[in-house]
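The Fe cation binding site feature in Swiss-Prot is assigned to Glu30, His66, Glu116, Glu148, His151.
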Amino acid sequence: MPEHNRRLVERTGIDVEKLLELLIKAAAAEFTTYYYYTILRNHATGLEGEAIKEIIEDARLEDRNHFEALVPRIYELGGELPRDIREFADLASCRDAYLPEEPTIENILKVLLEAERCAVGVYTEICNYTFGKDPRTYDLALAILHEEIEHEAWFEELLTGKPSGHFRRGKPGESPYVSKFLKTR
């Protein structure tokens, strides 16, 4: 299957090695973001922190879902994840979402917003690269992009107090756009 699928994508003019690099870097970013959001969520304390903990949890679980949805496509195209977790983490297309030195709620929100803005850029690039050429990867990247834009809007609204128009939330980790790509659902 990977050889046939890969040839079909290559025939459209896509450099599959470049696409795999983009997808692996995106998967690494989602994986590391899940880890760092776990730490950030645990440091969202006090009354202000309790108010945003579930929102961080929602983004964290959806980012894990993004990782889980990207991995099958990587293998379908004949790629694979690195065997070494450290090597994999170093490939992430976005900076690590480290806990800030001063872990105030405002500083945590700034880290979260920066991470989501990077993710929006990553999936916009993948969508632009695959549009009209690789419908499966495009559909997947677009679904993830929808969720990353929502995450960005959530954190921007919480940080600035200005309405974002994107405060759709269901139960944490619901992934309304990406869930169709997850094999466990």
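From the backbone N, Cα and C atoms, a Cβ is placed for every residue, glycine too.
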Inset, instruction - May I have the list of same-chain residues other than Glu30, His66, Glu116, Glu148, His151 whose Cβ is within 8 Å of the Cβ centroid of the recorded Fe cation site, in sequence order? - result: Thr33, Ala59, Glu62, Asp63, Ala115, Ala119, Val120, Tyr123, Ile144, Glu147
Inset, instruction - State the count of C-beta atoms found within 10 angstroms of the C-beta of Glu148 (Fe cation binding site), not counting that atom itself. - result: 27
Legend entry - Glu30 (Fe cation binding site) in three-state DSSP notation: helix
Legend entry - Largest tally of Cβ atoms lying within 10 Å of a Cβ, found at which of the binding-site residues His66, His151: His66
Inset, instruction - Count the other Cβ atoms sitting within 10 Å of the Cβ of Glu116 (Fe cation binding site), across every protein chain shown. - result: 25
Inset, instruction - Taking the Cβ of Glu30 (Fe cation binding site) as the centre, count every other Cβ atom within 10 Å, in any protein chain shown. - result: 26
